[in-house]
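Read through the structure below, which is laid out as structure tokens, and then see the notes.
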Amino acid sequence: VFPESSLKVTGVDFLKSQNTRQHHTDGYSIQSLVVRRGQPFQVQVSLSRELRPADKLTLRFGIGESPMKNRGSLLSLKPEREDFNGWKISMVERKGKECLLSVTSSPNAPVGIYNLHVKTGSNIYKPENGVIYLLFNPWCEDDVVYMANDAEKEEYVLNDTGTIYVGSAYSIYNRPWNFGQFEEFVLDACMYLLDKSKLSLAQRRDPAHVSRAMSALVNANDDSGVLLGNWSGNYVGGTSPMDWIGSVTILQKFYKTKKPVCYGQCWVFAGVLNTVMRCLGVPCRCVSTFDSAHDTEENLRVDVYLNDKGEKLNSLSLDSVWNFHVWNDAWMKRTDIPDGFSGWQAIDATPQEQSQGRFQCGPCPVKAVREGDVYLPYDAKFVYAEVNADRVYWVVKKVNGKDKYFKVGTETQAIGKNISTKAVGQNRRVDITKEYKYPEGSKEERMSMQRAYSFLRPSGLMPRSGYASTMQRIGANTEPLVPKEPVTKTGLHLEITNTEPLHPGNPLEMAITVKISAPGNWTIDLTGSCQLQYYTGNVQANLGTIKEIITLEGPSEMQIPLKIAPDAYMKTLSSVEDEVLILVTAIAEVKETNDKLTKETSMRFQYPPITVQMPETASLYNDFNCAFIFKNKLNVTLENCKLLVEGLGLFKMTTFELGDIMPGRIMKSEIVCTPTRLGEKKIVAKLISNQIKGISAEKAIFITE
């Protein structure tokens, strides 16, 4: 055999534009080929001469540091030998010195970065930029992340913008978020996290292992992951959690520095984890739960301690109720647990509690939470408690110099309300509480609770602060299994509302409505308090209290006003770095029957809007102008205003320093946008000042050819 007749490869074309279109990966801003597993892609190999029957041509796909066949990290594919480890290869056509080959990876191949080498006889050709990124494939029926509905895939895999719901159950509002899974370096950051996770090749096949590892790596605890959590109110040396409007800056900065980015709180962790999962090809959504319990002892009870003025005390509570908490649901078939628990799985990157020695949470089947099967992996007990705990109120009074605890109310239906996510294909909130819980009071709910309780065994009812050991046990009976709202002899009922819009700089005008349904004359002791608190339930300031004795002839109701002057709260509002909520707590006691009832409501301040002005459509690479207009309709000057704007596929994240905006003043900022991608694109804006942390706006524009 003459040496010149030995077959050599002269080039490999990855046919990027055709492959990425078919694989729904044409959005990724990356040089290399990105494809999804279990679906064919084509490569064109150019040879030094025509292929002869005796020639041996092999495509070798390797993953990891030193790929080896016996470890499954090196795949040797020969066109004549169709199948290798579930991978397939075939010759599509031969034209002169060109061969067109079709490669189909296994639908459970490990995800990650593969290197392609082409072997001909004893020659090995290493193409320039010969790496292929292999992702999960929700379009492939044999992939465990398969999702049948196209509109859902469009939302949960391909949508790079979205909304995270925050606020309180009384006033939910939406915070726009740019996920940006297709932006530059984001896919590389995700691949870096996969390597950092030390998952085995076998574990990289399974989205359950991958999503659990990512929930650990998105927080910086244990493994110097992406984001450092901070709830202290002091964000020196980093970005305040309120100042982010998307995941892109965070992931790009992390990938560049390989150090945790400062700082995150729950919606930031959820926004970033959502980006990471969508980027890797796992359908994912952000889920917000209002009045979410952080129950440190898994006894399905959260104790709230009040002083005799009805003000909540921070110091005594080990566990807490967050006004809202945001986690994620990832979509997959679970192969590691019994059938019937596939579909949405809760995962949570906020570092709240360790699971198997690391700050990670999930995947926990949402169906397991609903059915009460809290023994299933992973962390189902924790997630169950977040949406199902009871809230018990205690008043702490000094008796002979010692603290004594008096129970003033139990709420059994107060936790895990209005579980929310963004609707598929629409910009509105959809309530998914029924996916997590059966309707309150239904037979199914009772059965589910009984199941859960049999695995959790809540302790008897006694207060649970550091002082609890000195207390005698209150009634040795454990919690009843049939949850009921406390029924009082008099049908006592409390409602808390605001009677005027809650604008910063104005008096806060609220009202407590006391209702009684039993006939007769009743004397009611009413205590009410107003405080400012963080969304984690941490009180920042006491603003005022009322104490009234009212007499009602039942059935009737009475409205008691609660008014707070601006001076009482503006100083706190301007000095905190976080958004605060207004917490109103009311305790009512009927003298004649000793009926007691406690109710709390959190409300958010209301702000004037930002208006975004731009055309409805624009064409690719043709610049257009976008203006942001804000009128300060409040009675206070907004100090140190900053406007943060970002438009994926239009312009990079930009900050305008606007200084102080006096009452009545109008501010206008403009930016030039250059559309680089087709389809609907969104612009997100956020205004931040000393007084106000959360005015957001978003507007969409359609980009055509």
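Numbers here mean position along the shown chain, with the first residue as 1.
Just so you know, glycine gets a Cβ as well, placed from its N, Cα and C.
Quick look at what TrEMBL lists:
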| type | residues | note |
| --- | --- | --- |
| DOMAIN | 258-351 | domain 'Transglutaminase-like' |
| ACT_SITE | CYS266 | active site |
| ACT_SITE | HIS325 | active site |
| ACT_SITE | ASP348 | active site |
| BINDING | ASN388, ASP390, GLU440, GLU445 | Ca(2+) binding site |
I need the nearest neighbour of ASP390 (Ca(2+) binding site) among the active-site residues CYS266, HIS325, ASP348, using C-alpha distances. HIS325
Quick check on the recorded positions: of ASP348, ASP390, GLU440, GLU445, whose CB has the lowest count of neighbouring CB atoms inside 10 Å? GLU440
Tell me, in order along the sequence, which recorded positions from CYS266, ASN388, GLU440 have their CA within 10 Å of HIS325 (active site). CYS266
CB within-chain contacts under 8 A for ASN388 (Ca(2+) binding site), separation at least 6: ALA293, LEU300, ILE415, GLY416, LYS437, MET449, ALA452
Taking the Cβ of CYS266 (active site) as the reference point, list residues of the same chain whose Cβ is under 8 angstroms away and which are at least six residues distant in sequence. TRP322, PHE324, HIS325, VAL326, TRP327, THR350
On the 0 to 100 scale, where does the mean pLDDT of the domain 'Transglutaminase-like' (258-351) fall? 93
Pairwise Cα distance for GLU445 (Ca(2+) binding site)/ASP348 (active site) [Å, integer]: 24
Around the C-beta of HIS325 (active site), how many further C-beta atoms are within 10 angstroms, looking at every protein chain? 27
